[in-house]
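Engineer: First the structure, which I've put down as structure tokens, then a few questions once you've had a look.
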Amino acid sequence: MELWKQGAEAKIHKTDFYGKPCIVKERFSKSYRHPILDKSLTAQRVKSEIRAMLRCRMSGILTPTVYFVNMDSSCIYMEEMLDSVTVRDYIQSVQSSKTAVEAIETLTPLANTIGHTLGIMHKQNIVHGDLTTSNMLLQGDPSNNRLCLIDFGLSFFENLSEDKGVDLYVLERALISTHPNTEKLFNVILEAYCKSNDTGSKDVIAKLEEVRMRGRKRTMVG
Amino acid sequence: MTEKKLKVDLSVPFPTEREAQIACGTLSVDSEPKRGGVKKELVVKGNVLNIHFEALEARMMRVGMNSFFDHLNLVIETMEKFGPPEK
Amino acid sequence: MVVAIGFEGSANKLGVGIVKDGVVLSNPRHTYITPPGQGFLPKNTAQHHREHALEVLQKALDEAKISPKDIDVVCYTKGPGMGAPLVSTAIVARTVAQLWGKPMIAVNHCIGHIEMGRLVTGAENPIVLYVSGGNTQVIAYSQRRYRIFGETIDIAVGNCLDRFARVLKLSNDPSPGYNIEQLAKKGNKFLELPYVVKGMDVSFSGLLSFIEEKAPQLLQKGEYTPEDLCFSLQETVFAMLIEITERAMAHCGSQEVLIVGGVGCNKRLQEMMETMAKERGAKLYATDERFCIDNGAMIAQAGWEMFRSGQTTPLKDTTCTQRFRTDEVDITWRS
């Protein structure tokens, strides 16, 4: 197996699985944390990740197909998303090649797709837990907006609006801190989200607002 | 109709006009808390700093003035230790 | 040559520091210490600052061996922090600035920590973990702002530790966090606690209620010692902090990490961060209690940068504010 990438908590190897291009996501142990905590977090995250990927696919959201799981070595064997770029790289390339106004215009359909997809995901009570533009891929020509969600290690199932609100808050912060001047795109994401998560979005948006205020209103002593 | 407001006028003399102005400069910056319902105005006449307080309740007036005296005292002590003002 | 004096009083430390072109000439501090089991209240903290501001200021001038006329700019903490203590400290700064005829600079407390950390360690463009009694943020610089990539969505890590110290009735001298750190060294039985990480954000309130509720029984039954609980608490909350810092480093492709803020002088936190950094081939920058804990020099240093980039704050605008986010400040001195 060839090591392809190393993220914060997993090594990604490339291989093939009975002839299909496959990547292996190996969660490695973190020597900075206590062994009991480390074991429990690693096992929990492998399980969360495969469960959420399966649930997403069942509701029509594109995620890599899981081929095989080895709990002993904390490895998930999954489909390699060929010909894909991260949303992060795509936004950066659009922002660097166009004027600010043009960039927002170009990226609006993508924001729509992101909002729509997250709406479906939350409607199924799947909370991603780590929504960033690095954890979203675009397959094929990026302008086709074929969006694939990845990195579900922090995900869980929950019907609470609070958790869904925090999920969106995490995305908002990641989007704006990574890509300055994208506040408008987040609004587009929210609009599309409300359309596809038709039943619960009102409460989620109210919670999002509450979590935002918590951040801003907190007195920060020391 | 008579206004139901409490008013207090305070005059604080300083050694020189410059020092009265410095105290005024320091103490005018912070606005009173909005909810407290206390208003204060600071004016310098000669070497005297005049402060006019207005409040709706005696309790509020006491809180506002207590805090003002704490701050005024700090300004005076600072001047005594680190003054007089540079020319 | 620019000499800056900084006044800090946003929480329970009153500090005055003097910095001359990147050299700290003096940095005395006086801490308001409350009895065990008690936190510091704004009113009493403000009174502490008023009582000690002038002696600390005199000490700063004496130790730096300079006279007021050598000073070029008077810097003070505008916020964030507790209102009354901030104002009491600002009043001294405003008064001396006028007495000495010097311009003023309003400084964001968090920016003070970051700039001091960069000065002391020489880190150029690090991911910053800012951890204290009131703040928990993961910060990176881009396009003239210190951008907040992750932060607590409820209480700060230092607040979580302080409040647990109150449950155990630990001394607040020199600080509750320091005493937790000492006890934790003697603990070894690990209690699993709620571990809540959301992307690059963390949450401590669930963990705190859990341990606050469980601690009395666990101690009474003799299943865990106070040392074990301090150990488990530190291991858990620090692991959460390292995880979000590492995620931010991976996200930004950064090879430098800087820890600032009062909790940042915890040796166990530094050790865990060092382990993480080494595994990534990155470098850890940390400072000791002189500069991690709130101090005047950090305000002077941030003010020095601001002053050199052409800023000053007119007297009428030298207000204080309890809420003042790190990412609100235009960083005019970095490219």
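Note that Cβ sites are derived from N, Cα and C of the backbone, with glycine treated the same way.
Predicted automatically and left uncurated, TrEMBL annotations should be read as such.
As annotated in TrEMBL:
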{"type": "BINDING", "residues": "C:His109, C:His113, C:Tyr130, C:Asp294", "note": "divalent metal cation binding site"}
{"type": "BINDING", "residues": "C:Tyr130, C:Val131, C:Ser132, C:Gly133, C:Gly134, C:Asp162, C:Gly177, C:Glu181, C:Asn266", "note": "substrate binding site"}
{"type": "DOMAIN", "residues": "C:29-300", "note": "domain 'Gcp-like'"}
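Explain the structural surroundings of these features, please.
Structural biologist: C:His109 (divalent metal cation binding site) falls within a helix when secondary structure is assigned with DSSP.
Under the three-state DSSP scheme, C:Gly177 (substrate binding site) falls in the helix class. Its Cβ taken as reference, C:Gly177 (substrate binding site) is surrounded by 27 other Cβ atoms within 10 Å in the chains shown.
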Engineer: Under 8 Å, Cβ to Cβ, against chain A: pull out the ones among the binding-site residues C:His113, C:Tyr130, C:Gly177, C:Asn266 that qualify, in sequence order.
Structural biologist: none
Engineer: Quick one: give me the count of other CB atoms within 10 A of the CB of C:His113 (divalent metal cation binding site).
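Structural biologist: Neighbour count, Cβ to Cβ under the 10 Å cut-off: 34.
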Engineer: What average pLDDT does the predicted model assign to the domain 'Gcp-like' (C:29-300)?
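Structural biologist: Mean per-residue confidence for the domain 'Gcp-like' (C:29-300): 95 out of 100.
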Engineer: Give the distance between the Cα atoms of C:His109 (divalent metal cation binding site) and C:Gly134 (substrate binding site), rounded to the nearest whole Å.
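Structural biologist: So the alpha carbons of C:His109 (divalent metal cation binding site) and C:Gly134 (substrate binding site) sit roughly 11 Å from each other.
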Engineer: Spatial neighbours of C:Asp294 (divalent metal cation binding site) among the binding-site residues C:Gly134, C:Gly177, C:Asn266, defined as Cα within 10 A: which are they?
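Structural biologist: For C:Asp294 (divalent metal cation binding site), the binding-site residues whose Cα atoms are within 10 Å come to none.
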Engineer: Whole-number answer please: how many Å between the C-alpha atoms of C:Gly177 (substrate binding site) and C:Tyr130 (divalent metal cation binding site)?
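Structural biologist: Here the two Cα atoms lie 15 Å apart.
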